[in-house]
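So the structure is just underneath, and the comments pick up after that.
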Amino acid sequence: MSVITKIHARQIMDSRGNPTVEVDVYTESSFGRAAVPSGASTGVHEAVELRDNDKSVFLGKGVLKAVENVNTVINSALQGMDVTEQEEIDAKLLELDGTPNKSVLGANAILGVSLACAKAGAEYSALPLYRYIGGTTAKTLPVPMMNVLNGGAHADNTVDFQEFMIMPIGFERYSDALRCGAEVFHSLKALLHKRGLSTAVGDEGGFAPNVESNEQAIELVIEAIGLAGYKAGAPTDKGGLGDGHVMIALDPASSEFYDTEKKKYVFKKSSGRELSSEEMASYWADWASRYPIISIEDGMAEDDWEGWKLLTEKIGDRVQLVGDDLFVTNSKRLGEGIEKGVGNSILIKVNQIGTLTETLQAIDLAKRNGYTSVISHRSGETEDTTIAQIAVATNAGQIKTGSMSRSDRMAKYNELLRIEEMLGDTAVYPGIKAFRV
């Protein structure tokens, strides 16, 4: 029987030592478990993560209220529902909460239930989750965005931009691309050590050295690619991209250094330089001409629509421009962006929106309008590997899930290795074809 008999939540710990929600869903013949991630730099338009705010316990970060909501309200309402009816389950969860941002029950409570139900449904159907969600066409392994060097809100250093990532695009198999990423990661570690810079890793497994400038940060990554025996591709030479093995992706997290009063982008961690929206867009255009950059996420602040438009006009034809804080996995905000012609890609974080159904709707809307989707982790993660399954299920072609260290990140990469093995000769690794620029 596929009828839900019990839903139980508990408080567990995430990769940063903060509490998060884990949910178990039972039917008479199947079981599903999901753990919920949490972000450090969060967009103001995200669904609400319910915290206890009792400063005497876990510094206010406890999630017992969300756990109680699952064990009482949600458990009672969903018992007797068919676990394979995902859309009905998610609609019921939205009805129970009754708010647009899930502030009553908490997006962390709702998401845990939604994902655990999907896993229980997959087990009941005797299918891997990627096949259960995506059907027989699910066969594309994603190109990894590997966060190897950190700054911004993710590091105590002099780098303004949050993430410098490598994307191994010049390969035919996911497993070979993963090997490349690991080799570049270790080459970067050796390079930093040789320069007397820190090799300690941050929340997502990337290094956070105290380098002299934003430029030095990206140049270190490019040098490490060469030291590993690979070639960095050039973003403007479309015909020659196949000659390169690795390209650079950036997540500046520009909302974090945007001064809303001055309406300026302030490089407060490095030079103190202040740039207007037009100057910031020109700054990225200059970087895209000088460095092998294939993707920039949140190159402009989340509500700087004019700046986003300028950036898209300048480099949107040759660089993937990903909206994270801008779109927050929300179909309504993505629709607004499509109408205004800003960006050409959306970052997909399941906890930004709160249900699997809404996540899949955002991916579908992006696909129908020529936008790419990048399935993403959060800085606070667990051993849960659902996002790896979603990446393959939707044939998204790209995944952002940290560096080549920390088991909370490696769990996703390893799950993708298992899926590649399971798919065998039908597995597709898109490489540069994952991009539409």
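These residue numbers are counts, starting from 1, taken along the chain as shown.
Using N, Cα and C of the backbone, Cβ positions are placed for all residues, glycine too.
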Inquiry  = Suppose a student reads Swiss-Prot and sees D251, E297 listed for Mg(2+). Which of D317, D324, D325 should they find annotated at that same site?
reply    = D324
(2R)-2-phosphoglycerate binding, same site as K349, R378, S379, K400 - Swiss-Prot member from Q86, Q162, Q216, Q361 = Q162
Key: S379 ((2R)-2-phosphoglycerate binding site) versus recorded positions E204, D251, K349 - nearest by Cα   = E204
Request  = Using Q162 ((2R)-2-phosphoglycerate binding site) as the reference point, find which of the recorded positions E204, D251, E297, D324 has the shortest Cα-to-Cα distance to it.
outcome  = D251
Remark   = For D251 (Mg(2+) binding site), the close recorded positions (Cα within 10 Å) drawn from E204, K349, R378, K400 turn out to be none
Inquiry  = On a C-alpha basis, identify the one among E297, D324, K349, R378, K400 that is nearest to E204 (active site, proton donor); the candidates are the recorded positions.
reply    = R378
Key: Nearest recorded site to E297 (Mg(2+) binding site) by CA-CA distance, among recorded positions K349, R378, K400   = K400
